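Going by TrEMBL, these are the annotated features:
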ACT_SITE  36  active site, proton acceptor
ACT_SITE  265  active site, proton acceptor
BINDING   134, 313  substrate binding site
DOMAIN    244-372  domain 'Alanine racemase C-terminal'
MOD_RES   36  N6-(pyridoxal phosphate)lysine
Ligand SMILES: *Cc1c(COP(=O)(O)O)cnc(C)c1O
């Protein structure tokens, strides 16, 4: 098959490296690798396999559907799913031995109904709200949930696996909100134990907390973005992580543009001198955000080349300058990647006023994803 014009290349050896970095920070705590949203667009099954081979013990997803897909792909490690409506396919989750994260009494009842119908025990974790005020069981609803859980555990409908919560401000490690969430978390754990409901494990830390707050690691850390090699606190450090994703495209053509000529829609860029430009066949339909127009560069022909004019749906143009560069049609342009000198996803995030998470989730459309390295 000929090389596609636009590619997402995911380095599974970088994933393995990042898991080892995280495991070092985790101390005695286990590592659950979060592969929601198709592994932050890196390929959930491939990332899960590489991460487990590198020492991760568990896998985290949002929906039951994502979790069941990983089972179908042959992942046998524990998989937790934590964001589901009450009418989610809990039966499918129970049959696939997925650990179901529950955030409300009604959800717990729905899980129990599915378990009884199947004649199987459901594995349940309680997600508690310690201050994010998004998903999670609020403290006022916790007694009701515990009462129901107590009955379901007693009659064998449910196995109570874990109690967990999610941090709101972990990217500001010293912010007192983190300590308040820890204290509330411990209150939830104590309340469960008082009802005779002892979780097998408790977990709280996302990437930022895993890397900066070892005191919040509890029994397991739950990193996402750091697994993919991007820093959860870029202004603080890269934490020795290696970006796993390279977004690249092949030059479609190289041409001369005369001084005074405008390039791309709206002629937002006018050549000040005779120059050579390269046409890159990737646009906003492929995950190159249009607001980046004129504000990024690609690695091409051994140097950074500024992007000029508007980014279009299918293509954009870079300026190669007045002198001969040797760049030819078919050459690979790195939009962002992990090698030093190459543009970094963080640069796009900074230019757009967003976070690196959104940047790696963007490549799509015609971009073909392939994987390198790892145990595939
Ligand atoms: C997404 C998510 C994580 C991982 O967060 P990162 O900031 O990517 O490390 C952990 N836990 C929950 C509940 C999540 O939704």
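Each Cβ is built from the backbone N, Cα and C atoms, and glycine gets one as well.
These figures come from a predicted structure and were not determined experimentally.
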(message) Can you give me the Cα-Cα distance between residue 134 (substrate binding site) and residue 36 (active site, proton acceptor) in Å, rounded to a whole number?
(response) 17
(request) Between the Cα atoms of residue 265 (active site, proton acceptor) and residue 313 (substrate binding site), find the distance and write it as a whole number of Å. (result) 11
(message) Within a 10 Å radius around the Cβ, which one of these recorded positions has the most neighbouring Cβ atoms: 36, 134?
(response) 36
(request) Please work out the helix, strand and coil residue numbers for the domain 'Alanine racemase C-terminal' (244-372) from the DSSP assignment. (result) 23 helix, 47 strand, 59 coil
(request) Using DSSP reduced to three states, classify residue 134 (substrate binding site) as helix, strand or coil. (result) coil
(message) What are the sequence-distant neighbours of residue 313 (substrate binding site), meaning same chain, six or more residues apart, C-beta distance under 8 angstroms?
(response) 283, 284, 285
(message) Using a 10 Å radius around its CB, how many other CB atoms surround residue 265 (active site, proton acceptor)?
(response) 11
(request) In three-state terms from DSSP, label residue 36 (active site, proton acceptor) for me. (result) helix
(message) Suppose you look only at the domain 'Alanine racemase C-terminal' (244-372); what would the mean pLDDT be?
(response) 97
